[in-house]
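Student: Sending over a structure as structure tokens; questions will come in a sec.
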Amino acid sequence: MAKRNAVVVTHTRLRQTGTVVAEAVSQLRVAGFEVAIIDNTEAPDFGVQPPCVSDDTEIVVVLGGDGTILRAAELVHCTQVPILGVNMGHVGFLAEFESFQIDEAIRRVSTHDYSIDERMIAHVDVWLPGATKPIEDWALNDITLERADRGKMVELSIRVDDVEMNSFGADGVIVSTPTGSTAYAFSAGGPVMWPNVKALQLIPLAAHALFARPLIIGSGSTFTIDILDDSMSEGWICCDGRRQRALPQGTRVMVRESRDTLRLARLSGVPFTNRLVSKFDLPVVGWREHARNEASSQSLHHGHTFPAAAYAAGVAVAVAGDAGVAGTDPDKPGERDGKAGA
């Protein structure tokens, strides 16, 4: 019988304070897996690829929130090993199961009862002034280029396929994948992109300009962002809220679709739309309908009343029933990582 290998990725706090990690590891071993545990969430340096899990790893099970999943993504980026997220955080957009379903998750993993969802990754080349080759990195969620000096603006020029589109002073810009469109990009006013869309979006952050709106490009195009030589501030680049470094004036940053993808294990066929409504608790009943229901609860219709509260509760139950469980997280570095990717 072939050896089956699994890796459990979690964070130190969860491993030290709870029994969930021990329970998951025990169940995987009972199912015939040899299990390695990784709880080091320290971010590698920008442009440095940390050691990946071995190619004979069958699956990486993540116990945590989306921040822990982003850490796990660094371990599988150079492999075809899928990630299964079990949400131990708050929203857990990338996770597939909730913590109380861990028994079911392990059972499904042990019987290969899951499908693979391939997610687009963004590739970034950073050309420092005078450099003959770029520093390369990548992101599952987003790449941010922000001001290094919090009291000054960073002056940027934006190009698409080598055609200049805009230039402005700003707090920075976000370049997001579809997966990251429900994270920092969403908070900054960007649109939600469905995960199967092959596109990248750029969202300016507090740009001092009359025309500074989000831009969406197709997968064959490239965003080029130059930090102008006379910029008041240097830049600061960060991939997925983890790998980061300072960028001097005159740096060029180029972002395009990566040839690689990230593989997420999916245990259900719940559509992304249901996940979006459920995780964001979207108000599917508009204010006008609420007002009508409030009015109708005060009067009788054919001898019956229809209280608005009961209606709203019914909608909530219906949404929860349709949404199933999908899977931001206190263990993420940085304030912005409280927003999950989808």
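Heads up, the Cβ atoms here are built off N, Cα and C, so glycines get one too.
For reference, Swiss-Prot lists these features for the protein:
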- ASP66, GLY67, ARG71, ASN141, ASP142, LYS152, ASP171, THR182, ALA183, TYR184, ALA185, PHE186, SER187, ALA206: NAD(+) binding site (BINDING)
- ASP66: active site, proton acceptor (ACT_SITE)
Student: Ranked by the number of other Cβ atoms within 10 Å of their own Cβ, which of the binding-site residues ASP66, ASP142 ranks first?
Tutor: ASP66
Student: For a quick check of understanding: given the listed NAD(+)-binding residues ASP66, GLY67, ARG71, ASN141, ASP142, LYS152, ASP171, THR182, ALA183, TYR184, ALA185, PHE186, SER187, ALA206, what is the maximum Cα-Cα distance in angstrom, as an integer?
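Tutor: So the binding residues stretch over 31 Å, Cα to Cα.
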Student: Please report the number of other Cβ atoms within 10 Å of the Cβ of ALA185 (NAD(+) binding site).
Tutor: 27
Student: Using Cβ atoms only, which residues of the same chain lie under 8 Å from ASP171 (NAD(+) binding site) while being at least 6 residues apart in sequence?
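Tutor: GLU146, ARG147, MET153, VAL154, LEU205, ALA206, ALA207 - these are the non-local Cβ neighbours of ASP171 (NAD(+) binding site), listed in sequence order.
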Student: For a quick check of packing: other C-beta atoms within 10 Å of the C-beta of ALA183 (NAD(+) binding site), how many?
Tutor: 31
Student: Validating a neighbour-count step here. Other CB atoms within 10 A of the CB of SER187 (NAD(+) binding site): how many?
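Tutor: Looking across every protein chain shown, the total is 13.
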Student: Mind giving me a neighbour count for ARG71 (NAD(+) binding site)? Other Cβ atoms within 10 Å of its Cβ, every protein chain shown.
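Tutor: Within a 10 Å radius of the Cβ of ARG71 (NAD(+) binding site) lie 27 other Cβ atoms.
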